[in-house]
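The following features are taken from TrEMBL:
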- 1-21: signal peptide (SIGNAL)
- 60, 173, 175, 328: Mg(2+) binding site (BINDING)
- 60, 333, 337, 374, 375, 455: Zn(2+) binding site (BINDING)
- 110: active site, phosphoserine intermediate (ACT_SITE)
- 503-526: transmembrane segment (TRANSMEM)
């Protein structure tokens, strides 16, 4: 029988979209939506190579404007005009675009976005590891149990792969926490932050990392956040977060009863480890987030993202079944929130270096590498500056002195505003030396004051290389990325359908059943209403 597979699939997808408004956007909805997207892409695939290893790089807040500006900045640091260059991952063979909205917000936060990226399920703003049935800042144990979703790390561990993550933020911060935590607030990082009413309803994020799966089974964890784990004596600045009040040293608890385990606090200790003899590594290099890469006062005790990435790969690569690693350049986001454009670009270049290092030490035939962002920021590249004009500079028009890089909102407003009531001017002239525009912590202009600049909602780029990298071509919801990883590495929900010759058909048939049962359900409801 001659059946036009593509035409039938398209009709089913359109039909499913037509009835989706009658369904809640809970885990089942997003898992089926991910299956549908995967099926659509698989139908055009000629062959499928299984990825033994997966490394997903997340540039927190690294939207397209950040990538473009960083590309130019990179070239200009080398004395070139900058526009014709590339960041290393921009040369990956596959490029896609991911839609980042949350279930309840057009513009997402990192917790909801990372949950989508790592579990395949979109959720509500500020939630971690729970679907949209759960509510922010309100814990209900039965609802949390029903809405809990598993991540790519659990999928990998169930497939006997080694797992881990490294980040420049606290290890309990939103993006890494989505790998292992299930909580009603991304801010419940330690016990002192959970409202007393919910103290027995949910564990704090740090406690979940140490005592629950998949966190306690990670082979590598590196970043900041010693305070959240109750570890004292770690050098570095404190930006916020919380401190434990229960007196528990969770860092020691995590390495306890683990063979060949290490707890390290400095870059020197990291560089002195023997990856061949190290099975479990916990690196806590600051009480809070790590310092900005571009901060000249950064402590020499803190490793770079490259240092952490390379050592993580060396440890995880020993497993013959492969590994899954998440690497986050988390402080790109923080710099943008402060309108620190130059610092954001420096963070992006350090992130690029980590990607390049991973590519250089992994087997391209066995390792799938994905580079993406969880969301973008309100940074714009505006005006008509000449070629080669400093990306951090101002327009060449003497009558129109505005910055090439500006933000839609943020604390930069007060940095630039004149408060002299006797003048008709509103803003300080950008050529005024009092602004100290060459300073590392210079805030770029924003026309609207907010204590912290906001995210933005445009699609973010996705770059991929290695086996099955073609799965990441096209435009898709960002929860699809977890589904593509599942299929590419034969872990998790698509582990039984990862053979391309039969996988597309199997997924297609399951999707047909889903649409048919949904149609019957909706028809029954409609008949009862007549």
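Glycine residues also receive a Cβ, built from the backbone N, Cα and C atoms like all the rest.
Other Cβ atoms within 10 Å of the Cβ of residue 337 (Zn(2+) binding site) number 21 in total over all chains. Around the Cβ of the residue listed as 'active site, phosphoserine intermediate', the same chain contributes 60, 173, 174, 175, 186, 333, 374, 375, each under 8 angstroms and 6 or more positions distant in sequence. The Mg(2+) site is set by 60, 173, 175, 328; from the centre of their CB atoms, other residues of the chain with a CB within 8 Å are 58, 110, 114, 167, 168, 169, 174, 176, 329, 330, 333, 374.
For the pair formed by residue 455 (Zn(2+) binding site) and residue 328 (Mg(2+) binding site), distance between Cα atoms is given as 17 Å, rounded to the nearest Å.
In the structure as shown, the Cβ atom of residue 328 (Mg(2+) binding site) sits within 10 Å of 30 other Cβ atoms.
Secondary structure at residue 374 (Zn(2+) binding site), taken from DSSP and collapsed to helix, strand or coil, is coil.
A distance of 17 Å separates the Cα atom of residue 337 (Zn(2+) binding site) from that of residue 328 (Mg(2+) binding site). Secondary structure at residue 455 (Zn(2+) binding site), as computed by DSSP, is strand.
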